[in-house]
């Protein structure tokens, strides 16, 4: 036997905890067990159970492990974020490849992997399954109505104001059909992601997972060939989320500056450029985004919702007044313009970044998906509103349709007030949009590499990121191509491709998990191809639009 505390020939069995409580590893000293170093299978016996003393608190019941010679348990603290930890908390939970079988649970252990020692409630052992919803302990769970409202708020943003431009690039009736089609595909991909999350929660016996956790756990529990990419999957998801949300912040700045320029320059006779308005906003943006507590941002969200609701009502009044006949607009635009429609539409419709946090905080998460379900109800409302705004907005203004429908409103005081209200609402929403990528960066970078001065480092990084978004918005002050680019690059990957890949990896080794004749594989390959086509063509055409816009203003 090796000395206590020695890592030679040891295996680490993790006991996960939640709520920020340190996790502990039970290290099994197997240095005198030659066969333990091979890629053997350690089978959990269905019964009996053995008492294992935890580092603190009362003893818990865990299934016994049949191993060559009884190992000695040694307890080592696991601190997420500590330098040198190669795996994340969820990777440690899932890396052991849970393979649930009808006659028990067989856990394949490979060198360097960990086998979670997770408490199995009696009722779960008798049923043979784990219900993650029974183990979610939420201080303030949301009702179905609360979740529906949050889903609408998270999905209804500046994208709805750009839908007339999307219809301009698609044609009146083709845009209508394509909007509902893309809305259906996006909603279906959200269903896929949530179902995979539920399945992985049951396998790893954890109550909830966010988007990046789902990706990492799916690869960790998936086929051996993809397990080594689990951390990469998590990093890619978080990277695209950060790029997407910071890109939306840049779009917000362009939107606010463009609307303010129209109003202020009209009444003052000034000729100040859009870029100067963006620079002027820095004085308010920086203090606003130094707020680190989401609770203090809630009042801004309430004010923003009231302003957007009032502004959209007035906008509909102008759009639905003196509407021309549908025969005056082309039913289909042209094939080269369709990538711009795709990018703009998916930017407007895709709200997958808010889905998992909403589902994880529900009082009755089983009501999120299903028929009708919170997700189906919310997305039906969202897609219908987007289709109506796009259809009637393009029908009203035709080829004069701007990047935002507010820019097409007349110069009378009521219409100008709409521009100010919506611009102020989007400006206040910037801080809420900025909060999510900042949290991802804080957990993945500051808590790992800058732990000595976490608060000061966070403040410096917040200021730097605000200045970065302003700089990008100044460099690319054209709203239409910018929206299309963000949608094509980020949201086609997050909303379409990643859920399809996650479903394949999750159910690859599950008997019958991919459907009869593996039809889910072909379905997901088609979704990935569709998303990849939109990614490539949307990015290419958006860059072309940028070049044309710059050539016009140069």
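Note: Cβ is positioned from N, Cα and C throughout, glycine not excepted.
As the structure is a computational prediction, the values presented were derived from the model and not from experiment.
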Given ranges 151-172, 173-194, the stretch to which TrEMBL attaches the annotation transmembrane segment: 173-194
Given ranges 213-230, 303-320, the stretch to which TrEMBL attaches the annotation transmembrane segment: 303-320
Positions on the same chain near the transmembrane segment (482-509), where near means CB under 8 A and six or more residues out: 99, 158-159, 162, 165, 185-186, 189-190, 192-193, 195-196, 199-200, 211, 214-215, 218-219, 221-223, 226, 237, 240-241, 243-244, 247-248, 250-251, 254, 339-340, 342-348, 350, 352-353, 403, 476, 520-521, 523-525, 527-528, 530-532, 534-535, 537-539, 541-543, 545-546
Cβ pairs under 8 Å between the transmembrane segment (235-254) and the transmembrane segment (414-438), at least three: yes
Annotated stretches the transmembrane segment (274-291) and the transmembrane segment (459-476) touching (3 or more Cβ pairs under 8 Å): yes
Chain residues in Cβ proximity to the transmembrane segment (370-394) (below 8 Å; excluding those fewer than six residues from its ends, i.e. six or more beyond): 144, 147-148, 151-152, 155-156, 159-161, 163-168, 172, 175-176, 179-180, 183-184, 186-187, 190-191, 194, 319-320, 323, 329, 345, 348-349, 351, 355, 362, 401, 405, 408
Proximity verdict for the transmembrane segment (521-543) and the transmembrane segment (414-438), three or more C-beta pairs under 8 Å: no
Highest-contact recorded stretch vs the transmembrane segment (303-320), from 173-194, 340-358, 414-438, 459-476, CB pairs under 8 Å: 414-438
